[in-house]
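Here is the structure we will look at.
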Amino acid sequence: MGSSGLLSLLVLFVLLANVQGPGLTDWLFPRRCPKIREECEFQERDVCTKDRQCQDNKKCCVFSCGKKCLDLKQDVCEMPKETGPCLAYFLHWWYDKKDNTCSMFVYGGCQGNNNNFQSKANCLNTCKNKRFP
């Protein structure tokens, strides 16, 4: 197959990606887990150990002091504050995009979302230097 054959194949993949949606492009160009250094006061319980344990094509990534299912198309720093339905009392931090700062909140200990950090330093390290439109 010459260079024109490869070019035709590439054009076909691009067209299929536009028609089929993100599934094909994710297969061709998989997204990677974020690499963020964090200092953890304690190791959190892992939600997953492998990608197949995550729903909705999320990836199992080391994030915020434990393994969690992340939607790599969604920025955790843009998620709202969620305390979760449980009644524990953990002082955690979340990133408020509107104010461009990390604020303390009471996390109930379960569920919620991934905009949830053990320390202000971890929150700032993950979210502060991002450029938002």
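Indices start at 1 and increase along the chain as displayed.
Here the Cβ of each residue, glycine as well, is placed from N, Cα and C on the backbone.
Keep in mind that what you see is a predicted model, and the values were worked out from it rather than measured.
Record features, source Swiss-Prot:
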DISULFID  Cys33-Cys61  disulfide bond
DISULFID  Cys40-Cys65  disulfide bond
DISULFID  Cys48-Cys60  disulfide bond
DISULFID  Cys54-Cys69  disulfide bond
DISULFID  Cys77-Cys127  disulfide bond
DISULFID  Cys86-Cys110  disulfide bond
DISULFID  Cys102-Cys123  disulfide bond
DOMAIN    26-73  domain 'WAP'
DOMAIN    77-127  domain 'BPTI/Kunitz inhibitor'
REGION    102-133  region 'Interaction with SEMG1'
REGION    117-133  region 'Interaction with LTF'
SIGNAL    1-21  signal peptide
Inset, instruction - Find the shortest Cα-Cα separation between Cys60 (disulfide bond) and the disulfide-bonded residues Cys54, Cys69, Cys86, Cys110, Cys127, and name the residue that gives it. - result: Cys69
Inset, instruction - Anything within 10 Å of Cys102 (disulfide bond)? Look among the disulfide-bonded residues Cys61, Cys110, Cys127, comparing CA atoms, and list what you find. - result: Cys127
Legend entry - Number of helical, extended and coil residues in the domain 'WAP' (26-73), per DSSP: 6 helix, 10 strand, 32 coil
Inset, instruction - Could you check the disulfide-bonded residues Cys61, Cys77 and say which one's CB has the fewest neighbouring CB atoms inside 10 Å? - result: Cys77
Legend entry - Secondary structure composition of the region 'Interaction with SEMG1' (102-133) [DSSP: H/G/I, E/B, coil]: 8 helix, 7 strand, 17 coil
Inset, instruction - Let me know the most crowded of the disulfide-bonded residues, choosing from Cys33, Cys65, Cys86, Cys110 and counting other Cβ atoms within 10 Å. - result: Cys65
